[in-house]
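Straight from TrEMBL, the features:
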ACT_SITE  130  active site, nucleophile
BINDING   30, 50  S-adenosyl-L-methionine binding site
DOMAIN    1-207  domain 'SAM-dependent MTase RsmB/NOP-type'
REGION    54-75  region 'Disordered'
């Protein structure tokens, strides 16, 4: 975990008053168990998320040196039925067990990515895998982006933009995310085209002025008080209606 900003002098006995080094703290913990609203994470502005994946882009993991899922007995299939990826997915052997594992990985990846976007002051979240499968890449990104409700957008990575003047902004990487998912801002590496292992990278950037919709403890407390008041009013109204009804019935008898 990297916390941006200068190191508070009182927390670092070695630091001087002019020290401006960032404070970096390593935590050995389950990421999903961390509370994004914990005050100690209030200064977290950047998150790099590299979750477990199928490793289908790593040649070294494959028995025959090719990319794709480990070869198992089963029918010939692709990571997904998309023309953009067919050139380097043809001939991959997938069993039913491999498909189930891929789905479990995708579910976990989406869960981790959603959790990363809950940190209230995070400005950018980079999501990366060493997988070629859209199910672990574009599908996860598209799903999470939809649930963010406009709080985050995809920031182009190494996508030439003449309007920007920095050297890195003018670097143009040709292999982009799949257009079927509107993921062109994302970056891919394809072994047959880029002479490298297969990778996927997406960068989520918070939209300025759009607040995190995650409710704080104070929000929950106010909501609880409001709910109790509403219940009390309902009970009071119910009592009055009952008394009024009895009074009217009594008046009719007379």
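Cβ from N, Cα, C; glycine included.
This view paints the features noted in TrEMBL onto the structure.
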residue : record                               : CB count, 10 Å
30      : S-adenosyl-L-methionine binding site : 7
50      : S-adenosyl-L-methionine binding site : 12
130     : active site, nucleophile             : 19
DSSP-derived class (H/G/I helix, E/B strand, else coil) of residue 30 (S-adenosyl-L-methionine binding site): coil
Distance from the residue listed as 'active site, nucleophile' back to residue 50 (S-adenosyl-L-methionine binding site), taken between C-alpha atoms, in Å: 9
Whole-number mean of pLDDT values that fall within the domain 'SAM-dependent MTase RsmB/NOP-type' (1-207): 78
